[in-house]
Structure formats: C-alpha cells, structure tokens
Amino acid sequence: MHFLFFFANRQFLSLKCPQAEFVWIPHPVHGYITGKFIQEDYGGTSYCQTEEGESLSVACAPSQLAKVAKSVLDKSVDDLVQMDDINEAMIVHNLRKRFKNDQIYTNIGTILISVNPFKRLPLYTPTVMDQYMHKVPKEMPPHTYNIADDAYRAMIDNRMNQSILISGESGAGKTECTKQCLTYFAELAGSTNGVEQNILLANPILESFGNAKTLRNNSSRFGKWVEIHFDQKGSICGASTINHLLEKSRVVYQIKGERNFRIVATELVKAPPRSRGGGGSSPARPESFKFLSQSGCIDVEGVDDVKEFEERVLCHGQARVRVQFSEDDINNCMELISAILHLGNFEFVSGQGKNVETSTVANREEVKIVATLLKVDPATLEQNVTSKLMEIKGCDPTRIPLTPVQATDATNALAKAIYSKLFDWLVKKINESMEPQKGAKTTTIGVLDIFGFEIFDKNSFEQLCINFTNEKLQQHFNQYTFKLEEKLYQSEEVKYEHITFIDNQPVLDLIEKKQPQGLMLVLDEQISIPKSSDATFFIKANQTQAARSTQLRGGEDSRTDFIIKHYAGDVIYDSTGMLEKNKDTLQKDLLVLSESSKQKLMKLLFPPSEGDQKTSKVTLGGQFRKQLDSLMTALNATEPHYIRCIKPNSEKQADLFHGFMSLQQLRYAGVFEAVRIRQTGYPFRYSHENFLKRYGFLVKDIHKRYGPNLKQNCDLLLKSMKGDCXSKVQVGKTRVLYRAPEQRGLELQRNIAVERVTIQIQAGVRRMFARRLYKRMRAIKPVLLNAIKSRSLSVLEQAIDAAKDIEFDMKLIRDCKELRSVILKEMEITKKLTDYIGAPPNHKTYLQVEPLYAQLCAVLTEAESINYSTPLVETGQQIKYMIAQRVETREQLKQAVDGAVRVDLEAAIARAEQIGLEESEPTLAAGRQELQRIYREEELVAELLNALAVGMAMRTSETTWDHAAIDAHTLGSAIYAAESFGFRTEQGRLTLDEAKVIVEVRQHLAADDYESLSMTLKKATTTLNKNSMSQSTKTEIDEAYEELSHNTAVNDLIEKVVQAIQDHDQEMLDYGVQQADSLRITDRPEMMQATELLNRIVNARALLREGITNVDQAQLETALADAASFAYTREEVPTAQQLLDRIYVINHDADVGLYYMEKEPLERAWAGAQEINLKTAQIDEVRNVLANDEQKFIQEQLKTANRLGDQARAIRLNIKLKEIFFGQFGKMFVFEQFGGLRKPEDFAKAKLLGREALKLGMFKWTKSPIPTSLTTLDQLAVKSATRLFKNVLGFMGDRPLPYPNALAQDLLEQCLAAPELRNEVYCQIIKQLTENPSPQSVTKGWQLMRCCLQTFPPSEEFANCLEMFLAAKGKDDKYIEMLHDTQYGDKRTSAPNVEQILAAKQYVTRIDLNQSTQVDTSVVPQGFVPEKLIADDTEGVIRAGSRPAQARAQPGQQAQPAGAARQQAAAPVQAAAATASYDYGQQQQQQQQGYDQQQQAYGGGADYGQQQQQQDLPAEPTEEYKQVEVVYDYDGGGDAQRLVLVKGAIITVIKEYEGWAYGSTDDGQVGLYPINYTRPI
C-alpha cells in the first residue's frame, strides 16, 4: 500500500538520516512507526519501508527523518523528562508501550499524562491509596494520587491555595480523574463531621442531573469547579461547587444518536410511580415524550437505567440524608421534571386572526397535566404559551398572538428555564450541606472538571462556549508553563533555552476582545438590535473579523458556516440558531406565571422579582463569560497542578491505542513543549527566604554565618552542603532555581534530617506520656493498698473511681475490684442470714427457721463458695443441720409406711427417737401403728402357709394320681381369714395369691374337670411368681400340670398317629413316636406301626429339618443332596432350596456392604438375615455396624474410605461429621469468642479518643475505618488489614469509593497472597453484617462473603466459628457449601473474577454430600469382615480442615496422633484439661470442651490445646508420674493441640499410648507428643 503523508512539524524532522538506518516514519494511524529509508525522488519525497514490509512515502527530505535509537525502544520511562532520546515519536512510542502494560499514567516533571484505558484497572484500591499516603510520592509510579498528594503537601507546606486542572477532550477521562482526586482528599484529610463523605456522595446526584449520553461518550454537560476547604490542621472542613455553562438546550433538543440529561431520559420514565410525584399519569414509554424520542436514542447499551435510578436517586439514602434532601424534595423535583417532559408534548396548530397567524394547543390534556404539576391555572398557561404581552410606553399592554413556531420556542424556553434553575438549586442545596464554619480560616484546593474540546458534524453556540473555555484553560497552561517560565528566567537573569509553543491569544481575541468586537460581543449586540437574525450576526462577524483571516474563515456554506482555527484543530460552526440560544430570556408573562406557581419547589426557583428585573435582558454568552472570568481569577490565585487526559481511540475500546489521534492531543496540549522546557528549564524554585527556611537546618550552625544579603546566604548554604547536588543550583536575583536531579538530592537530605528529628520528637512525646502514666500509677498505688487493707466498701469505691483513668492494667486495680465484689457478696449473705435465723444473740429456733429451709441452704452454699465464715454463718450451718435431720427422718418414716417393710419401719422409728422427734409428729404415729399391723399380718401368713402344706392329690405311680386325699375346705377357711384382715406386705400378698390358685386346682382335680384345670393353671402362670412360691405350692402345681398333660397328650396322640399312618405323614409320625415314648405308651399297636414307617425316611427328614432350623448353608446343601438320592420330594425340599438361595443373596449383600461400608446393602443383608433368622459371624458384624449411631457409622465409613483411598468420599464424610458435631456443640463456637481475635480493650487502645465506643462496637457494623486489625497479627499485616477494611467499606457502600468490584478483586488477590489476612477479612465482613442498618449494605456484604468463600478458606482454627455464623445468618446452605468446596477442594493460585461470581445466578457445589459410592463387586472378597485397624499406622481419619494422617514419624519428622491413642487419652486428658482450665472464663471452658467433642466426633479422642496456667490453681495431684527428657526438637506439626518440644526439656508423663503420650511440661503446657522424641530419665 502506497500513500502520501504530509507531516507539519518540520522542526522534529531535523536529524540527518543515512540510508539503510532505521528511522521514524510518520503514519496517519499510528503516529510514527519504525522503518528504513529506501530512496528519494526529485520532488523531495522520501520512500521508506516498514519492518513489516509496507512501503510508505513521506513528503520530506531524508535528512528530516529522525533516526531510531533501537537500544531504548524496549525501555518504559515513567517521566518523559528523563528520556535520553526525546522527540515526538519516542514520546508516543513510550506512551503506547506503557498503555499496553496498563500503565496509563506518565509524568512530565510535575504534569501528569492520563490515558483513558476504557476498562477497570486495580489502581484505585485503599491499599494503593495508602501506599501513596505513607510513602514518598516521588518513589511511587505516576498516578492521580501523586498529583493530589502534591497539591495537599504544597498547601500544607506553603499555606497557599492550590488547584488541579484536569483537561482533555470529551471522553478522555477527566471526570474519573476528578473522582479519584476527591476520593484521595477524603481519605487523606478526613474530617470529624464527615463532610468529605458529603463531597463523594453528592457527586452521583450531580451526575444524574448534569450528565448525558453524547455521540462520543456519556459525558458531563456542565463544568464544575469544586473547592475543598481545609482547616489549620489540614482536615477537610467544607466544600463548595460552582457549575459552569449547563447545556440546558439539551433539555429540549438533542442531535441524532444523543440523549437528554440522565435524570430526564431514564430516571423519571423508568422509575416506579412513587417517584413521579404528581405526574403519576405520565406514560410509561419514553417514546411518548418528544424531548426523549426526537434523537432516536432512548437506551444506552450496557446501562441498566432502572438500576441507575434506584442507586442514584431513590435508594441512596445515605447521600440524600447527608446533602439534606427530604422525600418531599425528591418528589417536588420529579414533578418539575415530569412537567418539563409534558411541556415538550405540546402540539400547536396554526390559525388565522386579524391579519396575523395565531396558534392553539391541539392536545389540551397535556396542558392540564403540566398545570397540575406546576400548580398554575391551565387557561393562563395555555394563553401565555400561545401569545405574549406587548408593553409600549404610554400605551396599554397589548397581547400579540404567537405562531406555532414561536409558541414552541416559548414552551421550550420555559422548560429550559425550569431545568436550569432546578440545577442551580440542586448545587446550592449541596453547597449548603458542606459549607465550612463561618469565620473559619481555611485554605483550599480547587479541582476543575469541565467539558473537553468538542468537534461535531454540526457545531453551534454550545460548542463555541465549550471550546472558548478550553482555549482559556490552554492559555492558562501556556502562561504558567511557558510564558511565565521564560519571564521568570529573564527577570532572575538565569540562562535558559527559548522554547517555541503554540500561542492561542489570537483565538481568544477573536472570540472575546472588545475592539474589534469578538464573536461573543457581536452576538450580544445583535440581540439588542430590532429585527436582527442569525444572518445579520454572520454578516457582522465577518465584517468585524476580516483582519483575522488566519483564525476565522468561511465554511462550505458561505451563508451560515464559519471556521475557527482552535489550538485543538479547525472547527466548523453553524450560525443557525445561535442568536436564539444566546438570548436565555423567558417571556415576561411566562415568568410571571412561574412566579405565581403554588408548587413548593417552583416558588423557590422563581421568587417574586421587582421592577425592571422582570424585563432585563442578560445573554447566556454574557453570563458565561462572567463565570469564566470568575473561574480564571480563582485559578490565577492558586498554585496549579495539571492532569492532561488523552483519549487513545474514538471507539471507546480497551487496549486500543491510535498513535496519531493521541499525537494530535499531545501537540494541542503543549506536552512536547512542556517536556523540552522541563528538561532545559528550572521547574523548582524558592524565594531566597523560603529556600533558607526549608534547607537551612541541613548545615549545622550555618545561621551564625549569615549576613544581611539573602542571596549571599543562599550561596553560602549551597557551598556548605555535602554532596554535589548543590553544584548545579542557580541562585537568581530573588529566587533559587534548580532541576529535578538537584530537587531529589536536596529533598533526600531534608527528609533524612526531618525523619531524624521526628523520631526524637516522637520518642520525647512517648516518654512524656509514659512518665505521666507512671506518676499517676505511683500516686494511686498507696490509695489502692489502703483501700484493700481497709476492706471498706466506700473506700474501695473511691479508690477504683480514682483509678478509672489509669490505662495500664494494674494488678492492684484488679485486686480492688475483686475485693469489692467479695465484700458486696458477704454483705448480701449476712443480710439474708439475719432475715432467716435472726441477729445474734436472739437467734430463732430451728423449728422457726424450718419453713425457710430451702432459702437457708442456698445462702449457705453461696457463703461456702467464697469461703465466707462468721459466727452468724456457723450458727446458720448448725440450724441447717438440725432441720436437715428432721426433714430426712420424716421422709424415711413416710417411705417405710408406704412400703410396709418391717425392717425399714423399725429403723426409721429408731432414728426418730434418736433425734427426739415429737410423739405428736404424724409421721411417727403412723409408723408405730403400721408396725403393729405388720406383726399381726405375719401371724396370719404363717397360718395360711400351714394350710397350703396339706391336702394335695397323691401320685400312686408315674401315670396315676389318688384324688381321695384332696382337702380344699381347710385352705378355703384360711383364705377367708386372710382376705378379711387385708394383707399389705409383699410376702402376705404373694402367699394369698398362691392359696387362691391352689384351692381352685384341688377343686377341679376332685371333680376330674380337666378343662377348668387347664384354665386355672394358665392363670397361675401369669399371676404367680415362680421364684417367690412356697415349695409346697410349686410341687402341687407341677403335679397338676403333669396329670393334665398326660391325660390330654395320650388322647390326642393316638388320634393323630392313626391319621399319620394313613397319610404317611412323616412329620406327624416323628412327633407321635417321640410323644409315645414320653407318655410310656410305646407298646401300643398304633405306636409300633408308626415307628416302623418312620424309620424309612427319618434320616433324610432329620437332615432337612436341621438345615432349615439352623439356617445353615452347609447343612442345607448336605440335606438336599441326601433327599435327592432317594427321590424324596415332600414340601421340605423346595423350602430348603429357597432358603439356600436366599442365604446366597444375603451373604453377597453383606460382603459388599462391609467391604465398602455402605448402609443400603448392609440394611438389606440385616433385614434378610432377620427374616430367615440367619446367624453367622458375618451377620453379627453387620448387626454391630448397623447398631452404631449415625456419628459412629460415619466414622467407620471414613476409615473405609481411607482404606480404599477414596479421598472424595472421605471429604464428604468429614463434612457430615462436622454437621453432626455442630448440631451437638455448635453453640460453643461463637464468633466473638474466637481465640484469634483481639480483646476489645486492646482493639480500642489503638485509638486515642473514643475508646469506649470502639470497645463496645468492635463486633458491630461501622462506616468508619478501624484503627487496628480485629485479629492478632504482626505489625506489617495489621497495616494491610486496616487497608483491606476500607475495601470492605467501599464494596458494601458504607464508604463512597470508586469501582467497588475492583476493591473486592484487590481484596481477594491480597488474601490469596497473604494467608494470614484471611481470618481477618472474614471477621471484618462478619462485623459489617452485624447490626447493619442498611439492607443494601447487607446485600453487598453477603456478596463479598460469597466472593471470599469461593476464593480462599479460613484457617482451621476459625473455620468452625465461620461455619456456625454462616449456618445462623446465611440465607441458605449455599454459603456453607462454598466454604466446604474451598476447604476441601483444589486450592486456588489466582483470584477468580469478581464480576463473574456476582453475575452467576446459581452456585453449583463441587462436593455433593448425597453422592453415592461407586461399587465394584468384582473386587469384593466373599465372606469379607473388616479387620480392626492398627491405630498408630493405618488409621486414616481425616479431621476437618487438617492434613491426612502420616505414618509413624522418625525423629525430626512430623506424625499424626493415632486414633486409638486419642480415644484412650480422652478421660485422663479431660481431667488434666479441667485442672488447667481452672480460673478460666466459662466460655473458654465451653469452647475447649467443644474442640474436644469435635475431635471425638471425627473418630479420635480429644486433642487438647495448650492451657496457660493461672494464679491460684488447685493443688496438683499427689500421684507420682514418671518423667522423660526431650532428645529431639519437635514443632508440633502446626497443630495447636500438641506440645512443642525443645531438646533438653523435661516432660511429666500422665498417660502413654501406642506411639504417643500425654504429658505436661515444666511451664504448665499440656498436650500430646511422640514418644520416640524422648528418653526415660
């Protein structure tokens, strides 16, 4: 491809270019590219070839092509002044290279170049901000924070107002730079009243009303000058905003592809009805409004308008409260915007009056809507928009009708006026909320964010004003950077190199000069001339500016267009409509109508005016120039700092750098000249006096050698300084000037000296505070000692109150408080005892005190708990003892009477007599009476037993009985006597029951009534206790049974055997033969015949019966084989076969279930075995496994998973065990009691003021940064923790910071890189979710929790507390699933994308707890029974969050305590832990117990952490333990429950296990340790 490129800057193309050397070739897209010169033609055109082989032609001689220094192409320089090879091409190349590396900021000395990346970069997090605040700015990369910091430091050091001028074309990123500067100031110099938050929170509201979507970007359509006020301490104390040139014409007209202001275009139409105020009837579709639909652009791609409205206007409650916007203000504001929209819908139709054209409103319903919203008369409104009142001096006012076009203009003017005044009111309202205190002495930093240079297809009055503003700012930059620079060097008589720059003063004269009239003045003049028009303006402008043909010339349309040569390029302006846009006057009668409105906000916007104010004409151009002059005056009174924003491409595309487009912006911004002047000039300068003040102290005692001449003093100081940094410093007539290298050297020396002095000052202040505290402690010590010695409550109270300001935790203060508590308790006990037993010596008797026995016991227990003993307490103990004896004796008597036991009753009566219980006592009288009754009952029992011993039937042979000897009458008489008396003793009742049964048996036998006898004997079986029967009763019942059985059996057997012989019923035959033998009837013919038949099949039947009865697999197989040998096919054979098949299935299920330890096959096997009564060793094991509770069963599954190497299953089971454990002991893991947290007192001490509030709110939501970390961290990590908390605040919206997702991303990346911060961040999120009053903040907090849970796990120690918090507060179980996935899944090495996490609608867990185990039956051995695992080597129980167990370790290695050792250790360890925990808080003991229980839940015994010994521990056990010496160092493997061993230490052994032991060290630490690291002493 060949093309001709004309390059204008010939000054750059000045280096001689030999042939075949690499040169910079001008390029229309990339600016410059590298290539080689090929040849030159006769016309002076050079032909080159790029490195990619592309041919290019350049209209210049070869000598004008700059040579490429290839050695520096790979360098990336962050300060263009420091470049070795400086030219346009190298500067553009350097910016492009840095842009590709996301290094969007580059310095030109103190000027910052900012290239818009069109994407989010992690450059604005609190961590980055903190680095710029706490490090030397020159050591940090270029950044907006550097500029802001320079401005702030200069304001503090010089006490001079500063300004930051942010310039660049539209879309270059000026507004973002402004936000970053304001955010930095808010963080660096935060106020006590939170005004800095007002500044940040007000910004979105201003953007809603002042930003709009343009063809290029979504940009500010107004300029703002934000002045931040600082008090004498450097803290923000107020702020103000001045708005410039709101583009109010956008309200009524937008060019194609652009939108109305954001609040108008989206936030009203798409807001819920409650935000529309009186405009609730507004159509919901934006197409219904002309002011929204005329440009054809309603929606913006990638922007959620409804969400934006909710966030910026409705839901940002914090912003509305801070800037003092009420709900009425919002509703009134929405009413006015709705009225503006409906004004745009007025449709005017033409009519004919008396020789004039008239107009009327076609859609009068719109007039009614607007009138309702504005609270004005509809008829008056319609009249005033269709006609105007003409007032001529000396004549009556006349109403003149308006044409449809004029009526539309009048309506548009009203809409613009309302919106413009509404915006001014908004700014005023915001300023009032941030106004500094009256009379306060302040310094300011102003930040200017104003519209960038604009060149559109159609440019009108708005673009002329905007570009005029940019010309002014460019002139300010030129004056400060170039003109004033050279002027200063000349006045100071310093050598310098002259720099040529683009001077835009002629363009400013063209626009604003008075003679000849500039374009703005011509516009103003034409407004006051009758019958003037855009055409007359165009003619007059060309006439007055004919002499400035270089800056102004005609356009393509010579009747309307003119071209101005701006510093940023030629702009074609269309004069059509300029006159009307410049008028900015509202028709008088519309103004009067507006002033008559009853709408609250309209009354404020249009207050009643007086006199000629109603008719005064103030042009928009005139207002604008006045504002601009005021702005320039303010800027000129400040020390400026510059940020030049560059737009790298017009497509707003990330990672796309158009070199030529950027090159043009750099040229117009004066960047290249700034680079050269910074290199050749002296950017750093001080007056002689200030130079001496700033650096004079670097040379000791130099002031003693000073003379009256300040210049000579400066020379003397520079010559006396060490090093060569002062050799190139220029001392001018009034100033000292020098370049960047000298500045760095001087500042380095000064910083070192200041730091040294600062350290000395800090040490002195700390020493002073320490001495003051020591004096207060010494002064309070005797007071505390006397108070303790006095044991006087009032004295103690006074001493404690006197010591309340002592910050140090003195033991004497603790002792006083403890003694006060003891004395208060003693007083309480004494008062209660006096109430109960009376004051000495008039004590009550124990009979009087007995009703208060329970209360007396309680108060004496309290006295015992504090070892409180006095005569009164001892008397109470004696009375308590006496009462207790009486109470116990009464209860003993009552129980003995109720039980009717003679021995107990006699003992109770004896005790009552011993303690002197009164005979009138009811329980004693009842006892004596019952004892007499028992004596009589025993006599009757003896008579009854005698009657039972005689009168039973006599056996005459083995099969016959004699009934003649039966006697039932005597026994019946004895029964009658017993029932009449009423037996109560147990022996009496049992004997009576026996007698009743026996008398019935005798009666039935005597009558040969065997059926009744059978029923009586059955009843005896249920009513009589065989073990307590008398021997005679047992004998008589047995005999009756035998007689009954024999008689029944003989008859039944003969009948059945006869039938069995007929049917060849083998089972009945077998039964008959056996019964005949027992009945002694084997010699009867029927039985002999049956025996002969039975012998034929008895063997086969016996085998089958045995196999089926025993459910024995081997017996069944043998019996079936035997039956098959002689073809026996009765029902036993198929039954046996079915049973054998079932056994095969059950055994297979048992094999699979035990091998894989899966419940389903185990339950099938057990159910089948129960059903058929199968009993084997394997089935016993199945029963034992299933008999375990859920926890124990999962432990067995966990062992199996480790045996099979199924890590995924082991993790799932581990989680289930945790769930069980938390169900039992979860309450012990309270977040506030996590051991890694700081104590609230320590947390509060990190701040000098407000400590009590900090202590109480340590675990509650706050909108302020925290003074230190929530967890115990080293000092370096504490700083990171406090910075990360700002990320949390910013993401949750509790503190306005830009780019919340970037804050979350930064937090995730830092926590991945620094594991020690992970617990801290989780604690911070939990803190911010606790008692948070904002639902939006809570939602964002859980989003941040979700991001963290999917990125990094907490520590093992904190995981339980976090999981319990998620279970209690999380909306669902997904948070716990995320935690488990992160704990047990693959660890991340890089942070996930926050936006992707938040965009995910559903979380898919990686660990499915319900996932079934994959079973391979081919590997299962038959008859499998799991062996008991050897605990020290093979157990694989994985603890939650811990590493798998290792094999036993050799010395120097780490090993996991075996499960068996843990289980055996449980009891003694618990006892030792209880001793070590004495004097600890209750919660600590519960939490320790919880950890122990958790370890048992995971299949092991309790792992116990190190327990610190406390004062006044109980005495150690007297049992002697053996001791061992440590021979190898052991670090505990990172497990806090094990001892850390140091070679040579002595351990007292409490208990030994397989490979491990439990013991205590000399300093009181207790825990497990490996035996092979020690040797016996």
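Just so it is clear, glycine is given a Cβ too, placed from its N, Cα and C backbone atoms.
Annotation source Swiss-Prot lists domain 'Myosin motor' at 75-751. Annotation comment: Swiss-Prot describes Lys119 as N6,N6,N6-trimethyllysine. If you look up Swiss-Prot, you'll see Gly168, Glu169, Ser170, Gly171, Ala172, Gly173, Lys174, Thr175 marked as ATP binding site. According to Swiss-Prot, the region 'Actin-binding' annotation covers 628-650, 730-744. If you look up Swiss-Prot, you'll see 755-782 marked as domain 'IQ', on the strength of sequence analysis. Summarising the annotation, Swiss-Prot assigns domain 'MyTH4' to 1261-1401 and lists sequence analysis as the type of evidence. If you look up Swiss-Prot, you'll see 1444-1466, 1483-1497 marked as compositional bias 'Low complexity'. Sequence annotations record features per position, and here Swiss-Prot assigns domain 'SH3' to 1519-1577.
Everything Swiss-Prot records as a feature, shown here on the structure.
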{"residue": "Lys119", "record": "N6,N6,N6-trimethyllysine", "DSSP (3 states)": "coil"}
{"residue": "Gly168", "record": "ATP binding site", "DSSP (3 states)": "coil"}
{"residue": "Gly173", "record": "ATP binding site", "DSSP (3 states)": "coil"}
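Long-range contacts of the region 'Actin-binding' (628-650) within the same chain: residues 95, 99, 110-116, 118, 144, 147, 150-151, 154, 158, 160-174, 177, 216, 225, 227, 242, 244, 444, 446, 448, 452, 468-469, 472, 476-477, 480-481, 656-658, 661-662, 665-666, 669, 671, each at least 6 residues beyond the stretch ends and with a Cβ under 8 Å from a Cβ of the stretch. If one looks beyond the region 'Actin-binding' (730-744) by at least 6 residues along the same chain, the residues whose Cβ comes under 8 Å of a Cβ in the stretch are 79, 81-82, 109, 138, 488-489, 491-495, 678, 681-688, 691, 711, 714-715, 718. Taking CA atoms as the reference points, Ala172 (ATP binding site) and the residue listed as 'N6,N6,N6-trimethyllysine' are 12 Å apart.
Cβ environment of Gly168 (ATP binding site): Ser114, Lys174, Gly452, Phe453, Arg644, Cys645, Ile646, Lys647, Gln665, Ala669 lie under 8 Å away, each six or more residues apart in the same chain. Figure note: comparing Cβ neighbours within 10 Å for the recorded positions Lys119, Lys174, the maximum is reached by Lys174. Taken residue by residue, the region 'Actin-binding' (730-744) breaks down under DSSP into 5 helix, 6 strand, 4 coil. The Cβ neighbour count for Ala172 (ATP binding site), using a 10 Å radius and every protein chain shown, is 27. When Cβ-Cβ distances below 8 Å are used as the criterion, the domain 'IQ' (755-782) is approached by residues 799, 802-803, 805-808, 810, 812 of the same chain, each at least six residues removed from its ends.
For Lys119 (N6,N6,N6-trimethyllysine), the nearest of the binding-site residues Glu169, Gly173, Thr175 in terms of C-alpha separation is Gly173. Broken down with DSSP, the domain 'MyTH4' (1261-1401) shows 93 helix, 1 strand, 47 coil. There are 20 other CB atoms within 10 A of the CB of Ser170 (ATP binding site), with all protein chains counted.
In the shown protein chains, 25 other C-beta atoms lie within 10 A of the C-beta of Glu169 (ATP binding site).
Mapped onto DSSP helix, strand and coil, the domain 'IQ' (755-782) counts 28 helix, 0 strand, 0 coil.
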